[in-house]
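Input: a single structure, listed below in C-alpha cells.
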Protein chains: 2
Amino acid sequence: MRLTILGCYSATPRSLTNPTSQVLEIKNHIFLIDCGEGTQVQLRKSKVKFSRIKHIFISHLHGDHFFGLPGLISTFRLLGREKELHVYGPKGIKEAITLLLKLGDSWTNYPLHFHELNSKETELVFEDESVTVSTIPLDHRVYTNGFLFREKLAQRNLDINAVKQYKIDKSQFNNIKAGKDIVLEDGEIVKNELLTFDPPKPKSYAFCSDTAYKESIIPLIKNADLLYHESTFLESEKHLAPKTKHSTALEAASIAKKANVGQLILGHYSTRYKSIELFKEEAKAVFENVDLADDGAIFDF
Amino acid sequence: MRLTILGCYSATPRSLTNPTSQVLEIKNHIFLIDCGEGTQVQLRKSKVKFSRIKHIFISHLHGDHFFGLPGLISTFRLLGREKELHVYGPKGIKEAITLLLKLGDSWTNYPLHFHELNSKETELVFEDESVTVSTIPLDHRVYTNGFLFREKLAQRNLDINAVKQYKIDKSQFNNIKAGKDIVLEDGEIVKNELLTFDPPKPKSYAFCSDTAYKESIIPLIKNADLLYHESTFLESEKHLAPKTKHSTALEAASIAKKANVGQLILGHYSTRYKSIELFKEEAKAVFENVDLADDGAIFDF
C-alpha cells in the first residue's frame, strides 16, 4: 500500500500548502480520499494518472475537503473519460455536483454514480475480491465519516517444492491456494499447511479527518497498520478543539495508542503554526511511532 | 488602472497555468473578474489584500471561470471578514453558492449580495461617483457576459497660479473644479478655462471571455483603452472556434481593430499549444498593439 498526501493543511489553500486530499494505492485500486480546492493540480504534480481514479471518498462537505471535486469531475470530462466514476460522500453531495454541472451545461459523458451516506453507524461502502472500505463515523460540526480501507486475506501461497515432491497435478493448484487438503492417488491425505505458506497479512489504513476526540472509533480502527488522524491544534490551543470539533496532536496520539495501530500520521494542521515539528513532539509523549503528513509526502507500508 | 492576470488559460488547471481570473485596480476599487479554481492562491501570490475585494464579476458558470468562488467566499469568512461582498453573475449563481454554504453549514458572517444577470442586452450593473461597470453580452455555449469598466470624467484640475493671480477665495475652489465660471468682487467674470486644466481622460477596460466572434459587441467596446479578448485557438484550429463558441487570435485582433481600442491583450489559450507566442504573431497581422496575457502578468495603462 502506498499513501500519497496531496494536501494536509486545514482551512484555506495557500501558496505552499493545500487543503485535504490523499491518494491510496491498495491492490489494483487508486482511491482518492477528500478533494480540497487544488487537488487536480496536486494530482498532476504527483503524476497520478487521472484515468486510474475510479472511486472518490469524501469525508464531509466543508470546502477544504470538497471544493476541488466539481473541477476534477469537469476535468475528467474534458479529458474524454469514458470509465465510470463512483463518489462516496454525505447526503447532499449529488445535489451540489449536479447543480454545478447543470448551470455550466456540462454533463459528464461518462457514468457518474453517487453513493450518499447518512448513517451514524459504520457501514460497508465498497467491496470487491481484494479490498473493503467501510465508514468510521466521526464527531465534527457537520456529518462526517472517516474511512477504513482493508485488504482481504489473499489466497495461500503455493509451496512449489512441496507440490513437486508429492507430484500433485497443476489442476489442483487453485484448490490448494484456496486452503483445501489434497487426496493423493493412493488415498493419502496431505494437509494444506504442508503445501502452502501463509499469505501476507492483510493491511489496513484508517483515515480520520475531521473530528473531535472520539473514543468510540477505537474498536473500528483497532490494530490498523496505519492511522491518519487529524491534529488541528497543539496543546497551547487545546481549548479550541472541543469548540471547533477538532483534535490536538496529543489526542490523536491517545487514540493511536488505545487502538494499538502500527503507525500514526498527523495532519490537518491549523495554518496558525509556523512549523509543524511540535505536533510530532507532542504526540510522541504518548505514542512513539508517529510521523507528519506534508503535501507531497509518500508513505509506503 | 492596473490589470493583474491571475490566470488566463482555458479548461483545466495545471501545475504551472491557471484558469481565468483577473484583478482590476480602478480608482479606489479592487475588482475581481472571474474566479477559476485556484484563484485565492493566485491572489496571495500577487499579494492582493483580500479585504479590499468588495465586488466580484463572473462572466459565466463554466468551471474554469467560477469554481474558485465557493472557496474564496469561505476563506473570507475564515479570515473574519465583516465588510459586505457583492457578486455579479448569471442567474443560478446564488442558488449554487448558497447550496454549497448550506451543505457545509458555513453561512458567511458578512453580508453577501448576489446581483444575478439574465439580460441579453447590455446593462449597467455597478455605478459610484468614479466608476461604472456594464455588461457586454457575449456568444458562448452558456449565458455569458463580458464587462466594461469605465472611469467617470473627474473634476477639473485647479490652476493654482491662476487662482492666486485673481485672488480667488478657497471657498470657491469646489465650484471651479466643478466647471463653473467665477464672478470677482468687482463684477468681472472669469471663465472657468482660465482657472483650470482638463482632467485626465477617463480610461476604460473591456473584458471579453469566452465568446465566438461577435461583431455586435464593437459599439459597446468602441475606443476602449484596453481590451482583453479571448483567443482560444490559432488559425490551424480555427474550424473548432464556431463549434465550441470560442475565438481565434485573428478574430480577437479583428474585433480590436474594428472597435479602435488602444491595446489588445490575448488570453484563454487552449492548453494544446506548447508556446503562446504564435497567438501574438497571428493577431499582429491585423492589429499592431497586441500583448499576451500570462499568469502573474501586470498591465498598467
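Keep in mind that glycine also has a Cβ here, set from the backbone N, Cα and C atoms.
Small disclaimer: the values here were computed from a predicted structure and weren't measured.
What TrEMBL records for B:H60, B:H62, B:H140, B:D210 is Zn(2+) 1 binding site. Other C-beta atoms found within 10 angstroms of the C-beta of B:H140 (Zn(2+) 1 binding site) number 19, with every protein chain shown included.
Around B:D64 (active site, proton acceptor), a 10 Å sphere centred on its CB holds 28 further CB atoms from the protein chains shown. Under the heading active site, proton acceptor, TrEMBL lists B:D64.
In this structure, B:D210 (Zn(2+) 1 binding site) belongs to neither helix nor strand by DSSP; it is coil. Marked as Zn(2+) 2 binding site by TrEMBL: B:D64, B:H65, B:D210, B:H268.
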Residues from B:H62, B:H65, B:H140, B:D210, B:H268 facing chain A - binding-site residues, CB under 8 A: B:H62
For the Zn(2+) 2 site built from B:D64, B:H65, B:D210, B:H268, further residues of that chain with CB within 8 A of the site's CB center: B:S10, B:P19, B:T20, B:D34, B:G36, B:S59, B:H60, B:H62, B:S209, B:E230
DSSP-derived structure type at B:D64 (active site, proton acceptor), helix or strand or else coil: helix
From recorded positions B:H60, B:H62, B:D64, B:H140, the one whose Cα lies nearest B:H268 (Zn(2+) 2 binding site): B:D64
Remaining residues near the recorded Zn(2+) 1 site, that is with C-beta within 8 Å of the centroid of the site residues B:H60, B:H62, B:H140, B:D210: B:S59, B:L61, B:H65, B:L138, B:R141, B:V142, B:T144, B:S209, B:T211, B:K245
